[in-house]
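*Asks:* From Swiss-Prot, here are the annotated features:
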DOMAIN    1-136  domain 'Globin'
SITE      TYR29  site 'Involved in heme-bound ligand stabilization and O-O bond activation'
SITE      LYS84  site 'Influences the redox potential of the prosthetic heme and FAD groups'
BINDING   HIS85  heme b binding site
ACT_SITE  TYR95  active site, charge relay system
ACT_SITE  GLU135  active site, charge relay system
REGION    147-396  region 'Reductase'
DOMAIN    150-255  domain 'FAD-binding FR-type'
BINDING   TYR188, ARG204, GLN205, TYR206, SER207, CYS389, PHE390, GLY391, PRO392  FAD binding site
BINDING   GLY268, VAL269, GLY270, GLN271, THR272, PRO273  NADP(+) binding site
SITE      GLU388  site 'Influences the redox potential of the prosthetic heme and FAD groups'
Amino acid sequence: MLDAQTIATVKATIPLLVETGPKLTAHFYDRMFTHNPELKEIFNMSNQRNGDQREALFNAIAAYASNIENLPALLPAVEKIAQKHTSFQIKPEQYNIVGEHLLATLDEMFSPGQEVLDAWGKAYGVLANVFINREAEIYNENASKAGGWEGTRDFRIVAKTPRSALITSFELEPVDGGAVAEYRPGQYLGVWLKPEGFPHQEIRQYSLTRKPDGKGYRIAVKREEGGQVSNWLHNHANVGDVVKLVAPAGDFFMAVADDTPVTLISTGVGQTPMLAMLDTLAKAGHTAQVNWFHAAENGEVHAFADEVKELGQSLPRFTAHTWYRQPSEADRAKGQFDSEGLMDLSKLEGAFSDPTMQFYLCGPVGFMQFTAKQLVDLGVKQENIHYECFGPHKVL
C-alpha cells in the first residue's frame, strides 16, 4: 500500500501530466528504444509510428495518477492490458526497464526533484506488481489447461481462403499434432512473425473466428494499406508455412445463458470476433433471440456472408441486417444487403426491447462510438454494451 504522502505527491503532478499530454510518452518510448533496442522485437512499431500506443500509454498513466487511491477502479483496464501483455510474453524483468525509463523521462522533462521521483517510483512499483501477478496467473492458466502451452508454439497453415477483396482466413494446426487449448468466443491469438526482410520480429493479435474444436484455430486478417504484417500474410504466407502462436487471450468475450438475447454489431473486419460468438451460439442451439447487424462498404469487401447466413439458419430466433455504405449496381441486382448508407439502429428499435439483451460491438473506434450512442439513445444500459478495439484500447 502507498502512504498518504506518496499518494498526494503523485496526484500533485496530474496538472503537469495533462498539460504535457502524449509528448510525455513519446519521450519515454524514444528513450527506451534508444537504450533498449531489443524491445523493438516486442512492441508493435506500427502503433509507435502512428502514435496510437503513445496516446494509450499516456491515458493509462493519467488514469493511474487520478485513481491512485482507488485501485479497484482500474482493475478492468488492468485486466485488458494484462491479457494483451501475455500475447507479447511480457516478463517481470521488463517492468524494471520500463520503470527506469519512466522515471528518467519525468526527470528529463520536468526536473521535479527527488521527492516526486521517489513517489512515482513507489507508485510504479505497486502497479507493476499488480500486472506481474495477474500475468503470472494467466500464464499458469494457459499452460495448465488441456491443450495449453507456455511461450510460443509452432503451428502450420493448413488452409488459406480469401473471404473478400480485403479479408483472408487462415486455418492453423499444431506442428506437434497435439490438442489445442479452448478459448472464449471473442478472444484472440498472438501471432509472432519475423520473415526474411523484416527489421524486427512483429507480434500481432488476431481474433479467433469460430467455436473451439480442440484441433486447431482459424483467424481472419484484413489487408491494411501499408500494413507490413497483414500484407505479408496475404501475399507471402502459404499453406504449409509455420508460424509461432501464443495461447488465446483477451478480456472481450461472450458469456451468456441460453435464455439471454444477444445482439452482435460490427463493421468490416470487426466481424471476426463476432463470428466466433455466432458459431458458438449456433452450435449450442441458443434458444433466445440473436441479432446480427453488420456494415460494409459494399459486396466486394463483405466477408463471410454465406457463413453467417448458414449459421443463422440453425438458430430458432435469428435476425440479420446488413448495411452497405456504397453498394455497387451488382450488389443492388443481387439484393445481398438490406439498407444503404450508415448503420441506423433506430429503424430496428423493436429489436432492442428486452432489457436483458447483451450487445457486443467491434469495429473502428468512430463506428463504435456512433453505434454505442445510438444504443444508449434507444434505452440500452451501458453495462449491457461490450466492445473490443483492434489496437491500443480507447474508451467509448
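Yeah, the Cβs are placed from backbone N, Cα and C, and that goes for glycine too.
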*Asks:* By a simple count of other Cβ atoms within 10 Å, which of GLN205, SER207, GLN271, THR272, the binding-site residues in the record, is least packed?
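*Replies:* Output over binding-site residues GLN205, SER207, GLN271, THR272: least Cβ neighbours within 10 Å is GLN205.
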*Asks:* Restricting to the chain of TYR95 (active site, charge relay system) and a gap of 6 or more, list residues whose Cβ falls under 8 Å of its Cβ, or answer none.
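*Replies:* For TYR95 (active site, charge relay system), the qualifying residues are ALA128, PHE131, ILE132.
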*Asks:* Only counting partners 6 or more residues apart, tell me which same-chain residues put their Cβ under 8 Å from the Cβ of PRO273 (NADP(+) binding site).
*Replies:* PRO185, GLY186, GLN187, TYR188, SER207, LEU208, THR209, PHE252, TYR360, CYS362, GLU388
*Asks:* Indicate whether GLU388 (site 'Influences the redox potential of the prosthetic heme and FAD groups') is helix, strand or coil by DSSP.
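*Replies:* Going by the DSSP assignment, GLU388 (site 'Influences the redox potential of the prosthetic heme and FAD groups') falls within a strand, counted as strand.
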*Asks:* May I ask for the distance between THR272 (NADP(+) binding site) and PHE390 (FAD binding site), taken between their Cα atoms and rounded to an integer number of Å?
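*Replies:* Cα to Cα, THR272 (NADP(+) binding site) and PHE390 (FAD binding site) are separated by 11 Å.
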*Asks:* Can you see whether DSSP assigns TYR188 (FAD binding site) to helix, strand or coil?
*Replies:* strand
*Asks:* Quick one: what's DSSP say for GLN205 (FAD binding site), helix, strand or coil?
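*Replies:* Where GLN205 (FAD binding site) sits, the three-state DSSP reduction gives strand.
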*Asks:* Near PHE390 (FAD binding site), meaning Cα within 10 Å, which of TYR29, HIS85, GLY270 (recorded positions)?
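*Replies:* Among TYR29, HIS85, GLY270, the ones whose Cα sits within 10 Å of that of PHE390 (FAD binding site) are GLY270.
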*Asks:* Other than its own, how many Cβ atoms are within 10 Å of the Cβ belonging to GLU135 (active site, charge relay system)?
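*Replies:* Around the Cβ of GLU135 (active site, charge relay system), 22 other Cβ atoms lie within 10 Å.
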*Asks:* Rank aside, I only need the closest one: which of the recorded positions HIS85, GLU135, GLY268, VAL269, GLN271 has its C-alpha nearest to that of GLN205 (FAD binding site)?
*Replies:* HIS85
*Asks:* Checking the recorded positions TYR29, GLU135, GLY268, GLY270, GLN271, which are within 10 Å of HIS85 (heme b binding site) at the Cα level?
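*Replies:* The recorded positions passing the 10 Å Cα test are GLU135.
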